[in-house]
Amino acid sequence: MTIRGLVGEAPTKNQEMLNWIEEAVELFQPESVVFCDGSEEEWNELAEQLVEHGTLIKLDEEAQPNSFLARSNPSDVARVESRTFICSKTEEDAGPTNNWMDPEQMRAEMREHFSGSMKGRRMYIVPFCMGPITDPSPKLGIEITDSPYVVMSMRIMTRMGKEALDKIGENGEFVKGLHSVGAPLEPGQEDSTWPCNDTKYITHFPEDREIWSYGSGYGGNAILAKKCYALRIASAMARDEGWMAEHMLILKLISPEDKAYYICAAFPSACGKTNLAMIQPTIPGWRAEVVGDDIAWLHFGEDGRLYAVNPENGFFGVAPGTNYASNPMAMKSMEPGNTLYTNVALTDDNNVWWESKEGEPQHLIDWLGNEWTPDSGNKAAHPNSRYCVPIEQCPVAAPEFNDPKGVPVSAILFGGRRADTVPLVTQARDWNHATFIGATLASGQTAAAAEAAVGSLRHDPMAMLPFIGYNAGDYLQHWIDMGNKGGDKMPEVFLVNWFRRGEDGRFLWPGFGENSRVLKWIIDRIEGRVEADETVVGYTARYEDIYTDGLKETEEDIREALSVNPADWERDLADNEEWLKFLGPKVPSEVWDEFQGLKDRVEAAK
């Protein structure tokens, strides 16, 4: 079958795919069409083209081999939650946490925007696999895009190209993604270095397993394998198929006895998730490796335990705040190069810099392309600037990240950024209690999403608020159901808070690599080696059971970090009740029972 604009024959005989591509060509009207094969030649060709075009700046080959800096349009710098839609067949299925529009109405509206939106541009057909390509029943996808920057990002973030296309084969299932930056070119019209459109839509059709995105070239809005597929669409698939798609890191912790434990952790953005994923333990004999830094797909193994797979192939991390002290392994991952940077600053010797990175440059070109000095009064890198780098370059990448069976999960952590109330570490009483803890997880507002007031407390159930692809009440029910199915083989669940402050406003706990002391306590609990204090919020660690050798912090500070004040929790009760009511009538009775249990314990502790 010939496709208009494609040179030669299509490299697939999958009729459903070919028909879909033909419809897309008809709709978008691109100048040419190309199937991406994921090869190095293709990467080099795209990079060369984008450097020539001014979209990418090639970095110093010695310092940053095969690496590039992109500067986006200043209006296109983060996920736009207000323009993100879950277009399930009924509004009830989208629930109160998602924007909803009738799917037929949305398709009609988007077709108008898509119509001719690739004029003067090349259409790229990007086949990709979520998780290891060796998986006997892999989750596959195809993104159709007009952004070569997206193609390069997808090559890092997924197993992309010919192998994935071959996996789909003649009749394999795949998630369909359509993406256009929404900037058609008339003959002779000069192109922008970062084409995008003021009108933006990131829409999901969960029942049809489709994603349509328009107007943005940035990160999670455009790299559809990331949050769109790996969380929003996958969470709907997981509910239907009996697994879980979660916004969690996957960490491998190795004890002095050489026993490996796998820990998943869900933190809202800017709460130290990537730092924990690549933690370097400070306590003797303990080691850690990373399986994933952002997303975990959890399923039951043959032995009835919960196993985690990282569906991604790269890290897409926030650059500012990353340095050799806070996250040495992320920095070392970038040392071999092959990295795509977005909206960081450029040094005079063609290298990259961002706030809190080592060195004090006296002159830079900032993320907007302007001259910058320390007196400029603005940040040189955008607060949500990014590095995109292959996982395999991380010196502590666990080999299991390529194992389609996944890794057995010993513990799940929830954590937010709370200055008060929440102790350093507490164990949930059981799975239903854990679901309640996750459902009411809250954090101080950060600037990693494009909207919302910084500093306010934001509820973020399981750190999934922007990513649940269906009704949040049904999502909590799915957690309860998975717990019922897994029984006593479910992982233990813990609530952590690295960010507790004293009355004078200083952090009580040092965080970063020292968090390994908390991880050790968690393992000690799993192995039955330590007791805990039963508090209103769960089983809280006792000071004497935390390994404190070599810690600079005082005993007084650590005791305060571990403390549980029922009066603080009483203050949280009204907030939690309001939140659960907002989530609507589908919130499981088990979660309300846990809320009542907390209320009763707080009352009894007065």
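Backbone N, Cα and C atoms are what each Cβ position is placed from, and that goes for glycine too.
The active site annotation in Swiss-Prot covers Cys271, and the record cites sequence analysis as its basis. DSSP gives Cys271 (active site) a coil state; it is part of no helix or strand. Counted within 10 Å of its Cβ, the other Cβ atoms near Cys271 (active site) come to 25, all protein chains included.
Here Swiss-Prot flags Arg79, Tyr218, Gly219, Gly220, Ser269, Asn384, Ser385, Arg386 as substrate binding site, drawing on sequence analysis. Neighbours of Arg79 (substrate binding site), defined as other CB atoms within 10 A of its CB across all chains, total 24.
A 10 Å cutoff on Cβ-Cβ distances gives Asp294 (Mn(2+) binding site) a total of 24 other Cβ atoms nearby, all chains included. In the three-state DSSP scheme, Asp294 (Mn(2+) binding site) falls into the coil class. For Lys227, His247, Asp294, the entry in Swiss-Prot reads Mn(2+) binding site, with the evidence type sequence analysis.
The feature GTP binding site is assigned by Swiss-Prot to Ala270, Cys271, Gly272, Lys273, Thr274, Asn275, Arg386, Arg417, Phe512, Gly513, Glu514, Asn515, with sequence analysis given as support. In this structure, Arg386 (substrate binding site) is part of a beta strand by DSSP. In sequence order, Gly219, Phe316, Gly317, Val318, Ala319, Tyr341, Thr342, Asn343, Val344 make up the list of same-chain residues 6 or more apart from Arg386 (substrate binding site) whose Cβ falls under 8 Å from its Cβ.
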Arg79 (substrate binding site): secondary structure state under DSSP, collapsed to three categories: coil
Cα distance (Å, whole number) from Asp294 (Mn(2+) binding site) to Ala270 (GTP binding site): 12
Neighbouring C-beta atoms (10 Å sphere around the C-beta of Ala270 (GTP binding site)): 21
Assigned element (helix, strand, coil) containing Tyr218 (substrate binding site), judged by DSSP: coil
10 Å Cα neighbourhood of Gly220 (substrate binding site): matching binding-site residues from Lys227, His247, Thr274: Lys227
Pairwise Cα distance for Lys227 (Mn(2+) binding site)/Asn384 (substrate binding site) [Å, integer]: 16
